[in-house]
Each structure stands twice: as C-alpha cells, then as structure tokens.
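Below is one structure, written out as structure tokens, with a few remarks after it.
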Amino acid sequence: MHEMSIALAIVDQVESAARPAGATTVSGVRLQVGELAGVVPDALAFSFELACAGTVLEGAELMTERVSARARCGACADTWPVGMPPQLSCPGCGGARAELLSGRELQIVSVCWHDVPVHAPIHQER
Ligand SMILES: [Zn+2]
C-alpha cells in the first residue's frame, strides 16, 4: 500500500529528528498533504498508527492539513484552483503552459514532543 510506505518514511524522519533531541515521546505530527499528492488521508492515518507501534511515536496523533492545488498560466499569468479532476489549461486564455504552484505537498510541518511544539527541520519533497 502506497500510504504505508509514506507512513514508514514519516516515522523514520521523525524518529531520526527526535532521538538526537532526547525526545522519548512524540505526541503529534502535523503534515501538509497536497490535493494532488495522491494520498488518501484515512488510509494514511491507519498506516501511520501501525507504523508508529513500538517506536517513540507510539500513540502519536497525525494531523493532516489539506493544501489545495493552484496553477498559473505561462501565457497570461492568470491563476486558478486546479480542482478534481485537475484542470491544467488556462480558464482565461485557454493556454496549455500551466505551472503548478501548489498541490503536491507531502511534508512534515511540525512535530510535538514533551508537549512542546518544535519546528521540524525536515522535509519530504513530493
Ligand atoms: Zn492564460
């Protein structure tokens, strides 16, 4: 399952950041998930719980922030919400040179341990 490998990668990244910091209990992880990241939040939450078992993240809460997808036209610089199914041609001029501004995020925003929110210096692109 796709979400399981993502969950394991998150646990791995959080553990490698938490251990040097001396954290023994991680209470929560905040994650940004783009609309086009191809992640099913429920499946990810389920996988996350399994992936956390037996680690410092055991019992940690996964909070996901949905990031909506936006695109910008290369021809007229108009921006629009991409939506589902994705609209990648410009609604203004019909141009097809669209650049995706957001929507593919899949990254850890912050991690909470010892009930203190810590800005995590770790990112997972794409
Ligand atoms: Zn345009």
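Backbone N, Cα and C define each Cβ position, glycine as well.
A quick note: this is a predicted structure, and the numbers were derived from the prediction, not measured.
Sequence-distant contacts (6 or more apart, same chain, Cβ under 8 Å) of H2 (Ni(2+) binding site) comprise G38, V39, A43. Taken from TrEMBL, the feature Ni(2+) binding site covers H2.
In sequence order, C73, A75, C76, D78, W80, A96, A98 constitute the residues six or more apart from C90 (Zn(2+) binding site) in its chain with CB-CB distances below 8 Å. Residues or ranges marked as Zn(2+) binding site in TrEMBL: C73, C76, C90, C93.
The Cβ neighbour count for C73 (Zn(2+) binding site), using a 10 Å radius and every protein chain shown, is 21. Among the binding-site residues H2, C73, C93, the residues whose Cβ sits under 6 Å from any atom of ligand 1 are C73, C93. C73 (Zn(2+) binding site) carries a strand DSSP state (E or B).
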